[in-house]
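Participant: From TrEMBL, here are the annotated features:
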- 17-210: domain 'Peptidase M28' (DOMAIN)
- 259-278: transmembrane segment (TRANSMEM)
- 298-321: transmembrane segment (TRANSMEM)
- 333-354: transmembrane segment (TRANSMEM)
- 374-396: transmembrane segment (TRANSMEM)
- 416-442: transmembrane segment (TRANSMEM)
- 462-480: transmembrane segment (TRANSMEM)
- 492-511: transmembrane segment (TRANSMEM)
- 531-552: transmembrane segment (TRANSMEM)
Amino acid sequence: MMFLRHRVTLGYRNHKNIVMRISSNVSEEDEPSLLVNGHFDSPLGSPGAADCGSCVASMLELSRLMLESGWIPPRPVIFLFNGAEELFLLGSHGFMKTHKWSSTVGAFINIEASGSGGADLVCQSGPGSWPSRIYAQTAKYPMANSVAQDMFGIIPGDTDYRIFAEDVAKIPGLDIIFVLGGYFYHTSYDTLENLLPGSIQARGENLFNLVKAFTNSPMLLKESERSNKAVNEGIDDLRAIFFDYLTWFMIFYPRDVSLIIHSLPVAIFLLTPLFLSFPNITMISLFRTVLDLARGMLLHAFGVILAIVVPAMTAGLRLLFTKNAMNWFAHPCLAFFMFVPASLVGLLLPRIIWGLSEQSHFWGAFGLYSLVTLAYMLAGLSGGFLTFFISMSLLLGRFISSISRKQLGQQSPKSLFGYVIPMIPCLLYCLYYGGFLIQFLIEKMGMMGSLPKPYGHFVPDIIVGAMVGLVVGWCFGPLAPIVSCWLAKASILHGFLQITVVAMAVSSQVFPYSTGAPKRVVLQHTFVTEMLVTLWSQTMVSLWLMLIRWSLFSTTHLRQQNG
């Protein structure tokens, strides 16, 4: 297998899986079935309550509920209690390669944990789009994001999903993971007391609905049936676009639909010069309008870049005067306190330098988000829904604010409300998604720890600062074209800088670890066996013999030269 771009060869024996199959009395042995997988092994020294005792508990309770509720699954349900996931996914590989039921699996649900709870996140879905569609239709507490599967190949992690859906077979399925509460992940603190309350209950209710929906789906087919159906009906293998809105409900649309709607903002932006120049449309007016829009796009892009660069520089500058790196690990609020004001300075600074009109700035920002959406779509990625959501919210806010300005005046604060209020759903989602991403990154960067000095000492803080800046860029960026005329002032920027300096001074006195966020220390001990001592002795003797021979040869050669 390939892991983090390295080739790894593995062998396994004496690993134990526990497999259970629940079906009706008339079910046949080779009937298409649903696989529910979770592993019961854990790293050395970890009790494994979350990773992945919580998975085993959910599967046991799910199987008990299926039997005692009287519900008979239309298709068999196989529970794979996986005994070797932490050892490079050997348990799932062994099941797929050696067990007779593996050929009947028509879909799977893999449950995992990289933290101690929170809402389950669907990180991967496929092949095909129907597993994510079923999740969107049936999950009681949905939390899913198709952009996660774009990033999964980048982050240093892996799950049994790869064995089922990619390496050994092409089985459609879902990868559902606890992603928050990573402070105790793979440590001796991964105990029942540190599980986030309510997490397993919410997971169980989702799973029961998913099992019912999967076993009733006509898409649940064996491998041979899947191949024939795909050939005969031309079923595509493209992943859909999906995301949850504040865990309230799911938004789902297929990839072919996204090709149409994600192209819409670009089409509107290309027609904007004609709209702004109407009715006096000339080549000169069109050229000037296009030039103004290009300047507005550059201004907004430069502002977003500075929103990322300024907090990253702030993080590096702080570490020149203090030894306490990663103080945000135990106190995530410090990351917002330090980096959000600095990011706002970077976002607003270009508006002070470049005196463009509000109209040019707005349409330039709209064009930037539209082009990013187009780039995501052309790259075949699934994350373009965020910039699409932003760009369409910008249009709605512009339309309503233009109506209110005709009635209330150009600079009335009420006209500002007319722009902001229609964008509230988009801004709420940006805050929800951005806050979740920052918390996840803080936990994972703290788990990794700082790299060796002198330069590695700066890496985690700079990455967290840049990520906070990116989130500020997409959360506050849509408001910048309108509100920057009030906020892009030297006095306000000085105030943000003063808050940043105070935050840096306060955070420098805070220790980066606590009982709730412990430091990870790896203790290793080397055992020197008799075989190693023997090999070492033999090697040293061989080296000494070579040196003696070389010395004798050199002495003889010199004597011959000297006669």
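From the backbone N, Cα and C atoms, a Cβ is placed for every residue, glycine too.
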Participant: Mind pulling out the one from 298-321, 333-354, 374-396 with the most Cβ pairs under 8 angstroms to the transmembrane segment (462-480)?
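Facilitator: When the Cβ pairs under 8 Å are tallied, 298-321 comes out ahead.
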Participant: Please tell me whether the transmembrane segment (259-278) and the transmembrane segment (492-511) touch - that is, whether there are at least 3 C-beta pairs under 8 Å between them, with each pair 6 or more apart in sequence.
Facilitator: no
Participant: Below 8 Å between Cβ atoms, which of the listed ranges 298-321, 374-396, 416-442, 492-511 makes the most pairs with the transmembrane segment (333-354)?
Facilitator: 298-321
Participant: Tell me if the transmembrane segment (416-442) touches the transmembrane segment (298-321). I count contact as 3 or more CB pairs below 8 A, with pairs 6 or more residues apart.
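Facilitator: They do not touch: fewer than three Cβ pairs between the two stretches lie under 8 Å.
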Participant: Given the model, what does the mean pLDDT over the domain 'Peptidase M28' (17-210) come out as?
Facilitator: 92
Participant: Can you find at least 3 Cβ pairs under 8 Å between the transmembrane segment (416-442) and the transmembrane segment (492-511), where each pair is 6 or more residues apart in sequence?
Facilitator: no
